[in-house]
Amino acid sequence: MSIPLPHAEFQWDHYDSKVNPVNGHVECTYRTLTCSWSAPRFVESPFLQVHGLAPGLNYGQQAFEGLLAHRTARNRILIFRPASHSSRFRHSASVVSMPPVPESLFLACVHMAVARNAEFVPPHNFAGNMYIRPLEFGSSAQIGLDVPDEFTFCVFVQPHVPLHGHTPLRALVAEEFDRAATRGTGNCKVGGNYGPVLKWSKDAKKPENGGWSALLHVDSKTQSYVDEFSAAALIGVKSPDQESTQVPILTVAHSEAAIHSITAESVVTIAQSFGWTVERRLVKLEELSSFSEVFAVGTAATIRPCSLIYHRSTGKHFTFTSDGPYYQRLWKTLSGIQKGEIEDIFQWCQDLRFEEFGERGHNGQPTADPTRVIEMPE
């Protein structure tokens, strides 16, 4: 059984950047009474059946992930670092009092979701990828703040195009609110960390307010250390001539109130393979002026250069080379590994288990039956 080619009727050059119809998603259910997960089931619908009093809707008991799949020139489909995303997902679930999804189940659901939607993985020569969105939430009906009787884990997928590509980021330091408390939920991937940011980022993007493309968050206690961008980690590079060293110094801004960035970890590993010096540490806001290049690093953005960070209260403008040699080398290497163009010496990519999870005879067309469910055996 061969992997389907990209959907012949899909408008790859003009598709919606928000949501596009695909074949369906994967679901499985955890029962607190038995402390066990059901087998994955493929649901040919984009919708969930959820009671309005579910804790995931009322009390924010939910966590999510984001990872990518790419099509190679030989029509293989590679999923990038799914085991690492599984580990981060388990951490996020534990923070909001949910049962962690075992790695084997997480991987099975991810592979099934991609396999059953394989024709929606963009062509190899296209700039996009398939974005994979695992989600877990408390799903049983209840009013009280008790442990739910039921949790739902699901995996959705979407063809995805980088919205900004290599366009340099212009960021504003967020000074009017704190994204995360020092000992709060900032280091896990939960919706409550992102919803409050939206009105502030929308306001910052207005032309009359400077037209900033992103917010940079700082620590809530001292307002002086970098946490992260709203949806990406911050990495800075000092060139050898700045530090009188033989190699560049790559610094990842570390914060206990920011999520562990798998993309940043990948960039660090690549930089180390180049022989560069790597640091993971607290970065003071004022230290930004010492970097020659700064990147926003995350799943959706991969690596995006930053040209300017503005600290409004002090009037400081931190400027950086926006298309520098360090960015170019790191981005080309990471992108090449993800697309199968460069040897994956780090063993990050998993080949899609299509023989195991693909469905024979599928015609590649989104179904009109939103109730059809395909069960996988226990």
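Don't overthink the numbers, they just go from 1 along the chain as shown.
Glycine is no exception: its Cβ is also placed from the backbone N, Cα and C atoms.
According to Swiss-Prot:
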type	residues	note
BINDING	Arg88, Glu228	pyridoxal 5'-phosphate binding site
MOD_RES	Lys189	N6-(pyridoxal phosphate)lysine
REGION	359-378	region 'Disordered'
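Shown here: features listed in Swiss-Prot, placed on the structure.
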| residue | record | Cβ neighbours (10 Å) |
| --- | --- | --- |
| Arg88 | pyridoxal 5'-phosphate binding site | 21 |
| Lys189 | N6-(pyridoxal phosphate)lysine | 22 |
| Glu228 | pyridoxal 5'-phosphate binding site | 26 |
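Arg88 (pyridoxal 5'-phosphate binding site) carries a helical DSSP state (H, G or I). Lys189 (N6-(pyridoxal phosphate)lysine) is 8 Å away from Arg88 (pyridoxal 5'-phosphate binding site) when you measure Cα to Cα.
Cα to Cα, the residue listed as 'N6-(pyridoxal phosphate)lysine' and Glu228 (pyridoxal 5'-phosphate binding site) are separated by 13 Å.
Taken residue by residue with DSSP, the residue listed as 'N6-(pyridoxal phosphate)lysine' is part of neither helix nor strand, so it is coil.
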